[in-house]
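Asks: Dumping the structure here so I can ask a few things about it.
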Amino acid sequence: MTHLLTAQDMREIERSAMEDGIATGAELMERAGRRVVEALQAEWPDGGRTARRAIVLCGPGNNGGDGYVVARLLHGLGWSVSVHGMGATEELPPDARANRQAWEGIGSVVPLSGDLRIGQDRPDLVVDALFGTGLTRPVDGLGGLFRDIAECRALGCPRVVAVDLPSGLCSDSGRVIRAEGTEPAEAAIAADLTVTFHRPKLGHYLSEGPSFCSRLVAADIGLRPEATAGKGVPLAAARAAALAKNNASHKYDNGHALVLTGGSGRTGAARLAARGALRAGAGLVTVGVPASAQLEVAAQLTAIMLTRVDDGEELASVLEDTRLNALCLGPGLGRDRVRALVPVAVKAGRGTVLDADALTAFEDDPAALFADLHEGCILTPHMGEFSKLFPDLAAPLKAAPESGPATSRLDAARAAAARSGATVLLKGPDTVIASPGGAATIAASVYERAAPWLATAGTGDVLAGIITGLLARGFATLDAAASGAFLHAEAARGFGPGLVAEDLPEELPRVFRALGV
Ligand SMILES: NC(=O)C1=CN([C@@H]2O[C@H](COP(=O)(O)OP(=O)(O)OC[C@H]3O[C@@H](n4cnc5c(N)ncnc54)[C@H](OP(=O)(O)O)[C@@H]3O)[C@@H](O)[C@H]2O)[C@@H](O)CC1
Ligand SMILES: [K+]
């Protein structure tokens, strides 16, 4: 399982490797530079055939040090290399200084200026080694250069490779560190290929990270896997054994999910959720309908059962059946039914997914919702819903981050989970899931797992249903949310272009087969 690290994690891993004699800083820097060159040769094999031209941009820290290694190695491969550097040689940290001096034995270092125009020089490659994990404040005075690189890159030349991280990006949050009023494109350099070291960082997966990195390679620089133990946040992944069913199991062994619908004309969202719960493997799924929608829903369901739930009292009596072990409230539920049903549902102490209306109906008084939540509850907001329940936690995500490490979507979800007492799944291409105790997972559909067709009406309802189905099957809360988000994205990827929400549950059988369930 891949774990995403913070800059601090990475510094600790590097320090312990040096203290334990695993490698010196100079060795790590040499390997880092070498891995970048290997990765760009693998990505663009044509680059090695004839002499090519590269501009290497080197910053004042160790990221710049890696850049001087790359410059030397490219030169050795016959490339024509120009180096533009920040800072004076004697002010660089020791390993970076040694590599700059080694380069100075080969060629010159032109002081980096914001007036540098890449377009005039027409290189084949720009190596961005300005800033990596040490960026703490907006890059000053280079906006013109960054814009110029973006314009040239949009025309297909040069290719841009980022060393460790696109400069300007915060490695913990994936957000562009920038002054208010500045556009991300003038505060960071978008790359075609990003080569990071040892393990990916959170910023490669969160927020703007994937769009600035484009393609990500995590290269081995000889740090021990054990050094990473206990560090980082896992990426959600397939768990075929947990998803498999026992051959001897009875339908009641796989739980019974109850999905509450809204009134007549508003039942589609809950039906989508119910279908998701059934396909995720819940033994039984029942839809709880008000009288007004009974016929409408009955006409649309076959394997899913139906029960009448008009108000909180009726819900309480339905829940006397303790075999109903997972509940889903929110999709299409309507404000009045939310107010009547949600308090009864959460007090019943079952695994409970609250989505859509079940979140926004508490906009005026989120504390009233949080008062009854328990560790079996999962809130599944998208950013708009999150902002209504947690406006103060959403605010820093909307403002330009002027210093690093910047507040991340993961920080916000963790704070929301701690405040609400429920697991919070904040939806997006970088879905983050945090439980009240601080445990977290990221279910990212980015890079080779991108699922752009997921951004369509009703897909969130299916996600709520899939998670409810997994809760019914007995999955622990965080695991149900993480596995549900993973399966949901896999279903979207499997179906591909043209996907609509109804397709997602029907794609799950193929996803299970592909995972070896
Ligand atoms: N960890 C590892 O295992 C390995 C790490 N390696 C590499 O080291 C990189 C981390 O190096 P790093 O810590 O020196 O940080 P880096 O990103 O070069 O920047 C720091 C410098 O920039 C400065 N500075 C900051 N913001 C600024 C701004 N806006 N505008 C101007 N200046 C600014 C800051 O100055 P200060 O804040 O101190 O004033 C400092 O001088 C990492 O990304 C990877 O590439 C590899 O060699 C292999 C193993
Ligand atoms: K960089």
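Just so you know, glycine gets a Cβ as well, placed from its N, Cα and C.
A TrEMBL annotation is a machine prediction, not a hand-curated record.
Take a look at what TrEMBL says about it:
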type	residues	note
DOMAIN	10-229	domain 'YjeF N-terminal'
BINDING	62-66, 132-138, Asp164, Ala269, Gly332, His382, Asp461	(6S)-NADPHX binding site
BINDING	Asn63, Asp128, Ser167	K(+) binding site
DOMAIN	234-515	domain 'YjeF C-terminal'
BINDING	Lys427, Gly428, Pro429, Asp430, Thr431, Gly460	AMP binding site
Asks: In the structure shown, which of the binding-site residues His382, Lys427 has the fewest Cβ neighbours within 10 Å?
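Replies: Counting other Cβ atoms within 10 Å of each of the binding-site residues His382, Lys427 gives the minimum at His382.
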Asks: Go through the binding-site residues Asp128, Asp164, Ser167, Lys427 and pull out the ones with a Cβ less than 6 angstroms from some atom of ligand 1.
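Replies: Cβ < 6 Å from ligand 1, in sequence order: Asp164.
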Asks: Listed AMP-binding residues Lys427, Gly428, Pro429, Asp430, Thr431, Gly460 - what's their greatest C-alpha to C-alpha distance in Å?
Replies: 14
Asks: Three-state secondary structure of Asn62 ((6S)-NADPHX binding site) from DSSP?
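Replies: Where Asn62 ((6S)-NADPHX binding site) sits, the three-state DSSP reduction gives helix.
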Asks: From Asn63, Asp128, Ser167, His382, Gly428, which binding-site residues have a C-beta atom under 6 Å away from some atom of ligand 2?
Replies: Asn63, Asp128, Ser167
Asks: List the other residues in this chain whose Cβ sits within 8 Å of the Cβ centroid of the AMP site residues Lys427, Gly428, Pro429, Asp430, Thr431, Gly460, in sequence order.
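Replies: Here the non-site neighbours turn out to be His382, Leu426, Val432, Ala443, Ser445, Ala485.
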Asks: How many whole Å apart are the CA atoms of Pro429 (AMP binding site) and Asp164 ((6S)-NADPHX binding site)?
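Replies: Pro429 (AMP binding site) to Asp164 ((6S)-NADPHX binding site), Cα-Cα distance: 22 Å.
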Asks: Give the sequence-ordered list of residues that share a chain with Asn63 (K(+) binding site), lie 6 or more positions from it, and have CB atoms under 8 Å from its CB.
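Replies: Set apart from Asn63 (K(+) binding site) by at least 6 residues yet with Cβ under 8 Å, we have Ala129, Leu130, Phe131, Gly132, Thr133, Gly134, Val163, Asp164, Leu165, Ser167.
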Asks: Counting all other Cβ atoms within 10 Å across every protein chain shown, which of the binding-site residues Gly65, Gly428, Pro429, Gly460 scores highest?
Replies: Gly65
